[in-house]
Amino acid sequence: MSPPVVIHWFRKGLRLHDNPALLKAVDYATQSGYHLRPVFILDPQFTRSGRVGANRWRFLVGALSDLDSSLQLLGSRLLVCRGSPETVLPQLIREWDVRRITFETDTEPYAVARDARVAQLARELSCAVTSVTSHTLYEPAQVLAANGGKPPLTYQRMVTLVEQLGAPVAAEPAPRSLPPPGQPAGHFSVPSLAELGVDAEQLGEELYPGGETEGLARLERALARPDWVCRFEKPKTAPNSLQPSTTVLSPYVKFGCVSARLFYHRLADVYGRRGNYTRPPVSLHGQLLWREFFYVVGANTPNFDRMEGNAICRQIPWIENEEFLKAWSEGRTGYPWIDAVMTQLRQEGWIHHLARHAVACFLTRGDLFISWEHGMKVFDELLLDADWSLNAANWMWLSASAFFHQFFRVYSPVAFGKKTDPNGDYIKKYLPKLRKYPSQYIYEPWKAPIATQKAAGCIVGRDYPKPIVDHDKVSDSECPAL
C-alpha cells in the first residue's frame, strides 16, 4: 500500500529557493515517511477568459517547464492538474490520501477567497493546510499593525514603517533533496502552448524566457554591475532605449521565479560593499519597497481595482469612447511615441516603467480622458509582469485618481520621448513604416511636408493615422470629464 501524501501547491512562487512553504512540506513528508507531490493547477477560468495574453502564457509554460526540470534533478517532478482548485484538490485528497497541503500565501482578493474555500474543504476531509508568506518582503499584516491597523497611503509613510520593522527576513535556501513523489496515475504534463490556445508561430522572439533558472541568471547579471546598481535612479533610465535600461526582473518577481527577499538582500550586500549608493524611492531597493507599498494597500482596500466603492480613489466621470480605447490599445493613436510603446507591449510583453507612465497618462488625464480601469485591463492582458496590486495602484497614480493628484501635470506624447531618443530610433524599430522619416518629423509626422511623406513612403492619414486628438488643445483645456 502506498504511503500517504503531502502536496505542495505551487501558484506564484514558481521556484525552489526561498520557498518556506515547500520546505515545510519537505520536513513534514520526511518526518512522516510520506510522499511529497509538487502540484500546479491550471484553472480553466483563466485559460478561457482571455485575461492572459499569449506572451504571458509562454512565460508561464517556460516557468513550469523549468520548475519541472529542477524538481527532476532532485528526484521529483511537477504534477500539473487541470480544473478549478476547489474541485481538483478535494479529489486529490481522497485519491492520494493527502494529509497536508502547503502553499505560499497570496493577498489578492480572488486568491484569498479561493484559499479560504480550499482550506475549509481540506479540513472537512481531515487534511491540514499550511500557508506561509514569501511573495512579499514583509507580512502585510505586520506592516498594517505597525501603522495602527490601517494601510499606509503614502510611500514615505511606508518607508518609515519599514525602517521601524528592520530588514526583511533572509531568503531560505533551496532544498537539497525531496521526498519521492511516488507514481500517481493520470495526465500531469506541463501544458503546451497549443493547449492554452496560443499559436506559437504568431509569437515574436522570446526575449524573457520564463523560469527560476533564467530569473536567477538575470539577477546575477545585474548584480555583476555593482557601480550601475549603486548609481541606479529610476527616473534617469531611458524609456526608449533599444535594449532595456533596467533589470527586467519584474516578470520573474511577479511569478515568483525570483524571490523579492533574495533580491533585496543581494542588493544590500552590494550596497554594503560599496558604501555609497542611491536611496528609496529611486534606488533598486526603492523599487522593491514600491511593490511592497502597493501590496499592503491593495490587500487592505476594498475594491482596490476599480473606481466605484474604492475609498482611496477619486471619483471622476471619465469618458466612454470605445474607438479611442481601441486605437490606443492597438497603437493607432497617430502619436508615434505612444504607438511604438503600445506596439512593443503587444509584441514583447514588457515596456519600461516610464513608457508605461506616458501611455497611461495619454489614455487618462493627458489626452483621451478614458477611465484607468480600461487601461488596467489592457495591461493585465498584455504585460508579462501584470500584477493585480501594482497594476491597479499604478493606474490610479498615473490617472491622478489616488496617491498622486496633480491632474494637469501630463506627459507630452511628443516631447517626453525626444528627451532620451531625439533621433527616434525606438520609434523606427517598432513602427517600421516611419523608418525613413527625418528625425525632425519622426515624433510629429503629420507636420512633415507632403513631399517628405512621399519620400518616406508613408502618407499620414493613409499609411499611418492622423492624431486622434490634438494634444496641445486637449491638454490645455479643462478635462471634459470634470
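Counting begins at 1 with the first residue displayed.
Each residue, glycine too, has its Cβ placed from N, Cα and C.
Going by TrEMBL, these are the annotated features:
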- 4-137: domain 'Photolyase/cryptochrome alpha/beta' (DOMAIN)
- 246-250, 287-294, 385-387: FAD binding site (BINDING)
- W318: site 'Electron transfer via tryptophanyl radical' (SITE)
- W372: site 'Electron transfer via tryptophanyl radical' (SITE)
- W395: site 'Electron transfer via tryptophanyl radical' (SITE)
| task | Give me the Cα-Cα distance between E292 (FAD binding site) and W395 (site 'Electron transfer via tryptophanyl radical'), rounded to a whole Å. | result | 16
| On the 0 to 100 scale, where does the mean pLDDT of the domain 'Photolyase/cryptochrome alpha/beta' (4-137) fall? | 96
| query | Per DSSP, how many helix, strand and coil residues does the domain 'Photolyase/cryptochrome alpha/beta' (4-137) have? | reply | 65 helix, 30 strand, 39 coil
| field | From recorded sites W318, W372, W395, the one whose Cα lies nearest V248 (FAD binding site) | value | W395
| remark: Neighbouring CB atoms within 10 angstroms of the CB of W395 (site 'Electron transfer via tryptophanyl radical'), all protein chains considered, total 26
| query | C-alpha of F294 (FAD binding site) to C-alpha of W395 (site 'Electron transfer via tryptophanyl radical'): distance in Å? | reply | 12
| task | Determine, using Cα-Cα distances only, which of these recorded sites is closest to W290 (FAD binding site): W318, W372, W395. | result | W395
| message | Between the Cα atoms of A386 (FAD binding site) and W395 (site 'Electron transfer via tryptophanyl radical'), what distance do you get, rounded to the nearest Å? | response | 12
